[in-house]
Amino acid sequence: MGCRTVILISGSGSNLQSFIDRLHPDQANIVAVISNRADAFGLQRAARADIATAILSHRDFPDRVSYDQALAELIDSYQPELVILAGFMRILTPGFVARYEGRLLNIHPSLLPKYTGLHTHQRALEAGDSEHGATVHFVTEELDGGPAIMQSHVPVLPDDSVEALAERVRQTEHSLYPLAASLYIKGRLRLIDGRACLDGAPLAPSGLRLDQFETDMRGHRND
Ligand SMILES: Nc1nc2c(c(=O)[nH]1)N[C@@H](CN(C=O)c1ccc(C(=O)N[C@@H](CCC(=O)O)C(=O)O)cc1)CN2
Ligand SMILES: NCC(=O)N[C@@H]1O[C@H](COP(=O)([O-])[O-])[C@@H](O)[C@H]1O
């Protein structure tokens, strides 16, 4: 079986669905989906795929440290090799990050380092940006500050609403995230001395470009 993977969610789970649809269990063996919200539709997606689910609400704990300790114990009960944040909307404490750093990935809906935090699409529109996108990165203590692995780029159109731009970005995420995760699962992507490295070579600060990487992959297939 593949890389034992636990996926954390808080909402719809369309990125979770892209892992289910695009990565074979011999690659990503998703052993559990954990949500901090009981109403997360992603829990239904996981159940439909016969993946174990668990709910651990942050509201049931007095503070972040105690929540993260309980979350880590729950995660460790599944003995993961890789932990994926897929729309998981809780800021994680240094102790939690230290436990998983180097095998903890996140997808953020902006071209980091632009727009860390929340409301990224609205902020890109308000800034008048001509392009926007998403970033897969290693998770570190610094919120959305971890080394970038790969980015997808989309145009911002003149009459874009927040919803339209968010959907355009989300569509690219469903190719971006499984591909980035597959590089880790294959042993090609690693966090070394605080830098994201592919085949041992440090990546550029913005990571790989999805469009360029896909072009290169097609080229190699035609060689
Ligand atoms: N220590 C880290 N924790 C997390 C990271 C990270 O890089 N380092 N990435 C985030 C994911 N994320 C953006 O990609 C993000 C998630 C949540 C928040 C946030 O402000 N959360 C609020 C609650 C918001 C809500 O419930 O809707 C909070 O935790 O108080 C910002 C960015 C995951 N964690
Ligand atoms: N800061 C974290 C964050 O905003 N993550 C974003 O939440 C969405 C989750 O969608 P999904 O639940 O359909 O995968 C995704 O667009 C992801 O980039």
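The backbone N, Cα and C atoms fix where each Cβ goes, and this holds for glycine too.
Pulled from TrEMBL, these are the features on record:
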DOMAIN    4-180  domain 'Formyl transferase N-terminal'
BINDING   GLY13, SER14, ASN15  N(1)-(5-phospho-beta-D-ribosyl)glycinamide binding site
BINDING   ARG64, MET89, ARG90, ILE91, LEU92, ASN106  (6R)-10-formyltetrahydrofolate binding site
ACT_SITE  HIS108  active site, proton donor
SITE      ASP144  site 'Raises pKa of active site His'
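Classification of ILE91 ((6R)-10-formyltetrahydrofolate binding site) by DSSP places it in coil, neither helical nor stranded. Proximity of the recorded positions (ARG64, ILE91, LEU92, ASP144) to ligand 2: a Cβ under 6 Å from the molecule is found for none of them. Between the C-alpha atoms of the residue listed as 'active site, proton donor' and ASP144 (site 'Raises pKa of active site His'), the distance comes to 7 Å. Listed binding-site residues near ASN106 ((6R)-10-formyltetrahydrofolate binding site): none (candidates GLY13, SER14, ASN15; Cα-Cα distance within 10 Å). The recorded positions near ligand 1, defined by a Cβ under 6 Å from one of its atoms, are HIS108, chosen from GLY13, ASN15, ARG64, HIS108. The secondary structure of GLY13 (N(1)-(5-phospho-beta-D-ribosyl)glycinamide binding site), as reduced to three states from DSSP, is coil rather than helix or strand.
ASN106 ((6R)-10-formyltetrahydrofolate binding site) carries a strand DSSP state (E or B). ARG64 ((6R)-10-formyltetrahydrofolate binding site) has ASP144 as its nearest neighbour among the recorded positions GLY13, ASN15, ASP144, going by CA to CA distance. The residues near the N(1)-(5-phospho-beta-D-ribosyl)glycinamide site, meaning same-chain residues not in GLY13, SER14, ASN15 whose C-beta sits within 8 angstroms of the mean position of the site's C-beta atoms, are ILE9, GLY11, SER12, LEU16, GLN17, SER18, GLY42, ARG45, ALA86, GLY87, HIS174, in sequence order. The closest partner of ILE91 ((6R)-10-formyltetrahydrofolate binding site) among the recorded positions, by CA position, is ASP144; the full candidate set was GLY13, SER14, ASN15, ASP144.
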